[in-house]
Amino acid sequence: MLNQNNQELFKPSKEFSRNARIKNLCEYYDLCDEAKEDFEGFWKRQALEKIEWFSPFSRVLNEDKAPFYKWFEGGTLNVSYQCLDRHMKTRRNKAALIFEGEMGDYEVYTYRRLLHETCKAANLLKKFGVKKGDRVVIYMPMIPETAIVMLACARIGAIHSVVFGGFSPEALRDRIIDAGAKLVVTADGAFRRGKPYMLKPAVDKALSEGCESVEKVLIVIRNNEPIEYIKGRDYVYNELVKNESYKCEPEIMDSEDLLFLLYTSGSTGKPKGVMHASAGYILWAQMTMEWVFDIKDYDNYWCSADVGWITGHTYVVYGPLACGATTIMHEGTPTYPNSGRWWRMIEEYQISKFYTSPTAIRMLHADAPDEPRKYDLSTLEVLGTVGEPINPSAWKWFYDEIGGTKSPIVDTWWQTETGGHMITPLPGATPLKPGCATLPLPGIFAEVIDEEGNKKDEGEDGLLCITKPWPSMIRGIWGNDERYIESYFSQAKKDGKAVYFSGDGAFYDKNGYITITGRTDDVVNVAGHRIGTAEIESAIAKHPSVAESAVVSILDAIKGESLFAFVVLSPASSCDLGGAIETLKELNDILRVEIGPIAKIEKILYTPGLPKTRSGKIMRRILRTIARGEEIKQDISTLEDSGVVETIVKLAKAEFE
């Protein structure tokens, strides 16, 4: 069965395109052709134009030890200098970071102030013995000090590893041990849904179970709740940093010196420490901010991601600051104190570029679909989505209600390992298609191929691979070269050479666009027909009573696999829990129209929620285990709400046993 994406195209407005950095598809293809005809020349030009080098690079790309690629060898720079110092001549009094806390507190950091605070933090880190190459684990909430400590590490050449503040002590411990961290920076706690929550006790528990490499712990006081202090190990950041000098010369860093480690989450076994290097990463962070969000000097830009994820690294901290933008940081949740929180912030801060997740969009749509109409959202110029494929109905609501049909949506595909956007529309150039990432960015050779490198025809399932290296790519897995090769360069080849496999499946549509079908382990095989769960879930979302769903496979004696749907009903749903059979028929009617008769749900279970990682990704492996009646062996400690798993297990037993 061939895949299709027959959604209508939405062309960029002529007014927006007129002033965009990339104004039309001709300009886009010109850049693509430049990269194709002179690959190294293309990247050399970008690097010379964008980065303020301390000393020039002598070699653009070193492929001698592929897939351990090296970029811009011989060049020296400092990422904090690129993000802060170089703006002092023209933007020193411009807002660099605007923070709004969960409880409504508010703070503005100009570029000058952010530089001074970064230097003070850098000097404090040095007093604690942190030097170039040392690892610093940051276990923090969404507060300005998190970004400041990241930049301070970059300034002195320390390698930071941010661990999301919602991870368990066990997950934190594993990452500290793997990185060999010398210092941990944390907070007493923060605020969520109007109430304080704690972080420091998790650090205490993690460090009580090993972590011999850790010498000291710095604690940022945020919520002022009582915490335990261990003498000689724990120190209060707020008290010490104010006494430091606001001057700190940036460390001279080689292009390939590591900037940070970021551990991939949600998987079993030892975490993978993804390594990113200084020059290539910051170059692509800046380029994608300028191209994909069409960042201008007047923009107030807001990415709602947590800094604990790669999206927060690249598109809350490093990318916006590298190009001199104003970045918004929000501590809380989108529905506290009500579902208008985000829309009020967009109105109040006059946000022009807004980047969030499909999960958040679906949640706000289901919770209060008319709430955005109470606010003036007219300042919005570009909307963006990240983290998972967005179903067309959520896309349309986002486009109509939030963007007022005038703001293009950049549906971005990328990964922790890629460092920045790979496949995405350009807001002034690319005709948009709901639920479709569209085209690779110039310089990115993303292709849908088979294991031997043959390009797939329209509608055929294939492996989404990147067949040439790029500057911001993963440099390896910390301490495990073999795992790096096995994880990313062992599944596909092109012209006899191993290429990067993303782990995602995809297909080309009739426009030549790439549609992501989801992780290759999120593909079900029904009677020999491979169907992406994202496609099924997008169709299910068209039912007016469905707020969210997750589809997994169960074993079928006849078909091999059949479909099991976990469905979360919208608050305004007319369905009742006794009407599952009726709803099942309605959903299958939709699937028959949207996909075909092969896509038929055999079992349905209404649930109050779905198990998700802290970054909003649905953990389908856990749901598959439940649907098949198997024992759960996956780690659920890193879930947003681990209690929902127990609830679903009970519901499944009551319904099907």
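Every residue gets a Cβ built from N, Cα and C, even glycine.
Look at Swiss-Prot and you will find R192, R193, G194, K195, T311, R592 tagged as CoA binding site. Under the heading ATP binding site, Swiss-Prot lists G387, E388, P389, D411, T412, W413, W414, Q415, T416, D504, R519, R530, citing sequence analysis as support. Residues or ranges marked as Mg(2+) binding site by Swiss-Prot on the basis of sequence analysis: H543, V546. What Swiss-Prot lists as N6-acetyllysine is K617, and the listing cites sequence analysis.
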P389 (ATP binding site) has how many other Cβ neighbours within 10 Å of its own Cβ? 26
Of the binding-site residues listed here (R192, T311, R592), which is spatially closest to V546 (Mg(2+) binding site) when Cα positions are compared? R592
Three states by DSSP: which one describes R592 (CoA binding site)? helix
Can you tell which of R192, R592 has the least company, meaning the fewest other C-beta atoms within 10 angstroms of its C-beta, among these binding-site residues? R592
Around the C-beta of H543 (Mg(2+) binding site), how many further C-beta atoms are within 10 angstroms, looking at every protein chain? 20
Relative to the Cα of G387 (ATP binding site), which of the recorded positions R192, R193, G194, K195, H543, K617 have a Cα no more than 10 Å away? K617
I'd like the Cβ neighbour count for K617 (N6-acetyllysine), meaning other Cβ atoms within 10 Å of its Cβ, all protein chains included. 18
Restricting the comparison to the binding-site residues G194, P389, T412, T416, R592, which residue's C-alpha is spatially nearest the C-alpha of the residue listed as 'N6-acetyllysine'? P389
With every protein chain in view, how many other Cβ atoms are within 10 Å of the Cβ of G387 (ATP binding site)? 21
Between the two most separated Cα atoms in R192, R193, G194, K195, T311, R592, the residues recorded as binding CoA, what distance in Å do you get? 46
